[in-house]
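Just passing along the structure, written as structure tokens.
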Amino acid sequence: MATEMDKIFLTLATVEFIIGMLGNVFIGLVNCSEGIKNQKVFSVDFILTCLAISTIGHLLVILFDSCVVGLAPHLYATDRVRRPVTMLWHMXNHLTTWLATCLSIFYFFKIAHFPHSLFLWLRWRMNRVIAILLTLSLFLLIFDCLVLEMFIDXSLNIIDKSNLTLYLDESKTPYDKLSLLKILLSLNSFIPFSLCLTSLLFLFLSLVRHTRNLKLSSLGSRDSSTEAHRRAMKMVMSLLFLFIVHFFSLQVANWTFCILGNNKYTQFVTLALHAFPSCHSFILILGNSKLRQTAVRLLWHLRNYTKRPNPLPL
């Protein structure tokens, strides 16, 4: 039977799921309808649509995982449920993280200005760079799945023991193996985090350089390019903030699971972990002019619909 803490956890998890689904379904529908209408798909729309689809899948896995953890946590002691759910969660998390990183890099190449020949060469081949990064992420996903298989096997061996403390005192080998595998999984998450941080830093340097050039030429500090820099920086910075919360929550959740198992503390740490797939869609909507304008029109129509007087009953 679910306790009060379980009910609170499930309520918060459901709220995160609804928020995330609203934003990502909106992004997917708008971009798909625009692509069908224009018979052309731009790179940014393709990345946004793939990110929305990946996040929707991630949110569905998260909801199922939260229901199992809150209502039937004993199922995770068996390999039949735990292995496929954990694999699907990590795959969806990996794809969502890398697609968000590719989007940050895309905005960096699209908006930043550097006279360096290497930057110009990469910018000219921006679509190829994004394709290479996505291909690299697929190879890393295979490596991640192999490491995760070993991680699940080792953790299930520990869960099968009736006394975890006695077992760890008798032999440190399983715990050491889990720690090593956890480090490998963390390094795999660190790569997109570093790329996103690097994109933000270079965007900031480009903004500083562009603003200084405008002041030297007596054109002021506000023009279309400067505003584009600032909008991109706000969006990437917001994504990076959620990314930081997501990254560190992932590390804390995994280490807490290794030490304490699947208990109440681990449950509520995962709520912070799920903030990234739940909230980043609204940052993307605010940062994209087409999505933002469509959202404003939709809210305006909803507002007018709610204000419409109800017809009198006959």
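Any Cβ shown, glycine's included, is placed from N, Cα and C.
The annotation N-linked glycosylation site is assigned in Swiss-Prot to ASN163. Marked as topological domain 'Extracellular' by Swiss-Prot: 1-7, 72-101, 149-187, 260-265. Summarising the annotation, Swiss-Prot assigns topological domain 'Cytoplasmic' to 29-50, 123-127, 209-238, 287-314 and lists sequence analysis as the type of evidence. Look at Swiss-Prot and you will find 8-28, 51-71, 102-122, 128-148, 188-208, 239-259, 266-286 tagged as transmembrane segment, backed by sequence analysis.
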Could you check whether the transmembrane segment (266-286) and the transmembrane segment (51-71) come into contact, where contact means at least 3 Cβ pairs under 8 Å with the two residues of each pair 6 or more apart in sequence?
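Contact criterion met.
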Should anything in the same chain at least six residues away from the topological domain 'Cytoplasmic' (123-127) have a Cβ under 8 Å from its Cβ atoms, list it; otherwise answer none.
43, 106, 109-110
Counting Cβ pairs closer than 8 Å, which of 8-28, 102-122, 128-148 has the most of them with the transmembrane segment (188-208)?
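Ranking 8-28, 102-122, 128-148 by Cβ pairs under 8 Å to the transmembrane segment (188-208) puts 102-122 first.
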Under an 8 Å Cβ to Cβ limit, what residues of the same chain, 6 or more beyond the ends of the topological domain 'Extracellular' (72-101), are close to it?
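Contacts of the topological domain 'Extracellular' (72-101) (Cβ under 8 Å, skipping residues fewer than 6 from its ends): 47, 50-51, 54-55, 57-58, 61-62, 64-65, 133-134, 137, 140-141, 144-145, 148, 152, 156, 159, 188-189, 192, 195-196, 239, 243, 246, 250, 262, 276-277, 280.
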Go through the chain and flag residues at least 6 beyond the ends of the transmembrane segment (128-148) whose CB is under 8 A from any CB in it; none is fine as an answer.
43, 47, 86-87, 90-91, 94-95, 98-99, 101-102, 105-106, 109, 122, 181, 184-185, 188, 191-192, 195
Which value does the mean pLDDT take for the topological domain 'Extracellular' (260-265) in this predicted structure?
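Averaged over the topological domain 'Extracellular' (260-265), the predicted model reaches a pLDDT of 58.
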With DSSP, how much of the topological domain 'Extracellular' (72-101) is helix, how much strand and how much coil, in residues?
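Counting residues by DSSP class gives 28 helix, 0 strand, 2 coil.
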Determine which residues of the chain contact the topological domain 'Cytoplasmic' (29-50) at the Cβ level, with the cut-off under 8 Å and only residues 6 or more beyond its ends counted.
99, 102-103, 106, 110, 126-127, 130, 284, 288, 290-291, 294
